[in-house]
């Protein structure tokens, strides 16, 4: 399965030229936007919880929007100049899941715009939501038809419906419609619970993940903390047992993945490590939001610890990515 997650291994020669970059860009790169926007949300939450500068979160959201715009342009170019590669990606049992991130990242950019330009945020949200819903329904329908190789069953299956639904819930609530967000939250919650046992069964009883696929384990972290952020958004933010439980399960996932870090990082410094970014920023954002809502006990200390960790982790990913770009290793042939 060495080809299942594009760009996880280096090619002999670096790729050059805009057309080559577009043709070689995998949809998984939209995960970079998720990590950056997630960090922007963490900083906005920190501004409310600890009176930090709100400007930092806004700047990070601007960077996320710029990266999103570049990736959208490249992916549209791919569709025009290399349609065969796009079709192959859409038909691949693992790579196709990342296509849903195009819509999810668009909704996150809308969330970044929401406090400053509501009309544009609504437009972007509508576009992102429509794409996410259409892709999620299409892809889930294909899953229900069976005939899937168990070795291709990984945490990336969460992306089309679970990530899409939770982000939809968060952003539409920020736009003033939490009752609609509650519907999306329900879709994400039960999709996650249904899929969780399937993925864990595969990890426990199936063949070990090939080295290039191991960074996708980062997606395993995301559902609980991203769901916690969505729940806070749709419920008004008051601390309660359920959101604490979601955060607790997210912390458990983080600890398990930390125990596996040597195994995961056998893949090396690869763009696929951005799969960890959305979950890590969300697990910092959720307790920080609760701290802003006057939650007590261990939550404020946990929020501070995870907030610092998320910033360090995203900074490391940015440094790695810039290094790959400068060495011509970011956009390589599959």
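The backbone N, Cα and C atoms fix where each Cβ goes, glycine too.
The transmembrane segment annotation in TrEMBL covers 17-39, 59-76, 96-114, 120-144, 156-177, 241-261, 273-292, 298-325.
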Intrachain residues whose Cβ lies under 8 Å of the transmembrane segment (17-39), provided they are six or more past its termini: 5-7, 60-61, 63-64, 67-68, 71, 74-75, 77-78, 81-82, 85, 89, 95, 98-99, 101-102, 104-105, 108-109, 111-112, 163, 271-272, 274-275, 277-278, 280-282, 285, 310-311, 314, 317, 321, 331-334
Cβ contacts under 8 Å made by the transmembrane segment (96-114) with residues that lie 6+ beyond its boundaries: 26-28, 30-31, 33-34, 37-38, 40-41, 58, 61-62, 64-65, 68, 71-72, 75, 89-90, 120-125, 127-133, 135-136, 139, 156-157, 159-160, 163-164, 167-168, 170-171, 174-175
